[in-house]
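Down below is the structure, laid out as structure tokens.
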């Protein structure tokens, strides 16, 4: 059968023009629609022009099967995108962090605070002076008291802490003074003095002294010559004949000579027991430092804090100090007393757990008892508060769950220092006389040291008259080298050297490197990463971009306007205005007729042996030719 071209019938279009006519139906340039069209028309129009994958296919496809297939594909893509987006949001809400290390060379380095304690808390020289001045009655009474009675915690009652808890200010009077200990001080090539130190009290070491507690000194050079150099006298005088202390085998930090040194962040609270290092006498100790800066993220990525230290305002906040104060509060709450091993909380008014109430009265009531009697025969004094403290201290040290209730977090910014310690024999015997002579004659406080006077007198007697000028004149070298010393002189020289090396030490604390290693926390998956992955997910599964979202916003705006117009009673759909007796209808029909004729003039004839049909847009049906 022969088919006739669709152009032979007016208003009938060939099949290859049908898709174009459907698109033109919803295109604003080809339809005379007003802004008050129906919601379906608006959705269809924007759907046919949408950049999202699949939506235009659903709207423009004439075949129902194609519409269903594309609809299923769009639903599948939407489901996959939703699942992946939920995983991305869950990953973001975990607020994980990564830690990066960076070496900074251009920033000034803060010099740390340096806290120094004499390892032997009590000055034997002070005890000697108080003894001869009859000022040590309480000390002697206490020593007799602990020997006369038996305690459940005998080890503690013989400790320096029990001595302080029961004698209070009398015990503090026996502690060391910086004026007696400090023989020489130099910082950054300039002299420093006692006034550059602040004093704090520790229950284990008594008086301790801090350099750079509030000055915030900055360093711009490395090496021992540009750091802090100190020469100390540890005041290791021989005890009175026949007087000896009690060695406490349960104490691992006392009963030795030297100083305990803590290098800590400027303005932070020192803890000599936990963070200190021992510096022995008779050596020159060098402590090299390298600054490390920790920068942490606050909530929600972390739990760092910028709060002040609760309870002790003169110190900066540190995690360790917060825990120590929390331990003290817990012991006070559970035992009704405080511990001298922990920092005091000013807001709590409590006595020490090791205090024996009315111990002096008890001692007087048992004055007739022999303090040399056997342990079994000694009277027993219970100490329930001390037992509670020891029990709680043990529990807190073995179980850290208490930290959850303390509310202690790491500071958001914190400086720490890596330490490397080295020792060398000091001072050499060859230079001892020159050093002692200067300290003895020029340094005011050095003249008060008994060992200094004795050592200087011994060495002065042994010195050759020309030995002091050996550096300038070697004409008497033969006399010096050929001189022989008697056994007593050699013993005198050895005793003088031993006195110097048993009492003196040199400490150098300096920066090894001006670069600061910063460990900085960064979000492992930030908001920018989330937005980037959301864009990639929507683009992969649905072809949606920001512009596509703008199209959706436009749809919402136009539908909202449609609702408002309908509430005002405005017509919806195509608008026809009758002016001059239907001239508008005539114009519309004329334009449609011209459009149909344009398609008919453009089309060609099609032929086929099976038959022919055309689509009549005026009736919306196919008609055979």
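Quick reminder: no glycine exception, Cβ is built from N, Cα and C everywhere.
Swiss-Prot lists 575-591 with the feature compositional bias 'Low complexity'. For 134, 196, 303, 349, 365, 372, 473, the entry in Swiss-Prot reads N-linked glycosylation site, with the evidence type sequence analysis. The region 'Disordered' annotation in Swiss-Prot covers 570-591. The topological domain 'Cytoplasmic' annotation in Swiss-Prot covers 1-67, 558-625 and is backed by sequence analysis. The topological domain 'Extracellular' annotation in Swiss-Prot covers 90-536. Annotation source Swiss-Prot lists transmembrane segment at 68-89, 537-557, citing sequence analysis.
Where Swiss-Prot records a feature, it is marked here on the structure.
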residue	record	Cβ contacts under 8 Å, 6 or more apart
134	N-linked glycosylation site	none
196	N-linked glycosylation site	185, 187, 211, 212, 215
303	N-linked glycosylation site	409, 410
349	N-linked glycosylation site	none
365	N-linked glycosylation site	none
The mean pLDDT across the topological domain 'Cytoplasmic' (1-67) is 60
